[in-house]
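Undergrad: Structure in structure tokens, see below.
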Amino acid sequence: MKTYLDLLEKVMTKGEVKKDRTNTGTISYFGTQSRYDLREGFPLLTTKKMAWKAICHELLWFLKGDTNIKYLVDHNVNIWNEWPYEAFKKSNDFKGESLQDFVEKIKTDNQFAQQYGKLGPVYGKQWRDFNGVDQIEWVINEIKTNPFSRRLIVSAWNPGEIKEMALPPCHSFFQFFVNEKYEISLQLYQRSGDLFLGVPFNIASYSLLLLMVAQVTGLKPAEFIHTIGDTHIYSNHLEQVKIQLQREPKKLPKVTLNPDIKNIFDFRFEDISLENYEHHDPIKGKVAV
């Protein structure tokens, strides 16, 4: 995925040093766009090993309309744990538990999970119930009946509920486009992109969503277009980025879906198959909360 490496290089060389909410510090570049052609392979990063299982389960979690981390931790997906843990630490019930203790309690104590595993009305809530509108159901029906519409939009940005969210949506707005060949593309607008940790995850997640929507609407997947506002590299990821830029991308893998699935809400992890994924070693980095 040279396209992604070019984006890293651009931000490293043309970005500006900027303070941020987390007090970590970033190099930021405002306004970027990258295109990934799914006809040439699935855009899962090869210059470091990606957590494919986590990517799939998070997307399925969004599609369920779920906003509690219990489903994720039950499947050993730990990408959202820090935010509810930070909220738990401010509660009267906090007795010095570690993050690991917190996650174990989410797994084993349903009542605790219901109280402290909540993230507020984040992505799943907005996708499936934006002020009473199931946007995923609506957009799929619209694609089927009016594929050339310019209104094939789903928004996770709900100003009236932002303050109730553990984290306001970074990937906040996406739109589908169907051409005369009945090929479908998806463009995501992401207000804020953590280029080392988050963005590769987002590329794969929305590309997978595009494959799913294409299948259930009877269309052919074409491009994922990724538009990012504040495109940044955290200062504690700079060395990891330099390592990644030295690596040669490998051939892109292939993703196939169970062809029997005709309703997007019926997909399960077992219906998604990643094939021929060749990759370099993982590169770890700390998430900024």
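Cβ atoms here come from the backbone N, Cα and C positions, even for glycine.
Here the structure is a predicted model, which means the values were calculated and not measured.
Here's the feature list from Swiss-Prot:
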ACT_SITE  Cys170  active site, nucleophile
BINDING   Arg21, Arg150, Arg151, Arg191, Ser192, Gly193, Asp194, Asn202, His232, Ile233, Tyr234  dUMP binding site
BINDING   Asp194, Ala288  (6R)-5,10-methylene-5,6,7,8-tetrahydrofolate binding site
Undergrad: Given a 10 Å Cβ-Cβ cut-off, pick out the one of the binding-site residues Arg21, His232 that has the most other Cβ atoms nearby.
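TA: Its Cβ has the most other Cβ atoms within 10 Å: His232.
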Undergrad: Cys170 (active site, nucleophile) has how many other Cβ neighbours within 10 Å of its own Cβ?
TA: 18
Undergrad: Let me spell it out: for each of the binding-site residues (Ser192, Asp194), count the other Cβ atoms within 10 Å of that residue's Cβ, using every protein chain shown. Which one has the most?
TA: Asp194
Undergrad: Let me make sure I understand the span of the dUMP site: among Arg21, Arg150, Arg151, Arg191, Ser192, Gly193, Asp194, Asn202, His232, Ile233, Tyr234, what is the greatest distance between any two Cα atoms, in Å?
TA: 36
Undergrad: Report, in whole Å, the straight Cα-to-Cα distance of the residue listed as 'active site, nucleophile' from Arg151 (dUMP binding site).
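TA: Checking the Cα atoms of Arg151 (dUMP binding site) and the residue listed as 'active site, nucleophile' gives a distance of 21 Å.
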Undergrad: Write down the Cα-Cα distance for Ser192 (dUMP binding site) and Cys170 (active site, nucleophile), rounded and given in Å.
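TA: Taking the Cα atoms only, Cys170 (active site, nucleophile) lies 5 Å from Ser192 (dUMP binding site).
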Undergrad: Counting every protein chain present, what is the number of Cβ atoms, excluding its own, within 10 Å of the Cβ of Tyr234 (dUMP binding site)?
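TA: A count of 23.
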Undergrad: Per DSSP, to which secondary structure element type does Ser192 (dUMP binding site) belong, with helix, strand and coil as the options?
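TA: Ser192 (dUMP binding site) sits in a strand per DSSP.
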Undergrad: For Tyr234 (dUMP binding site), which DSSP three-state class applies?
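TA: It is in a strand.
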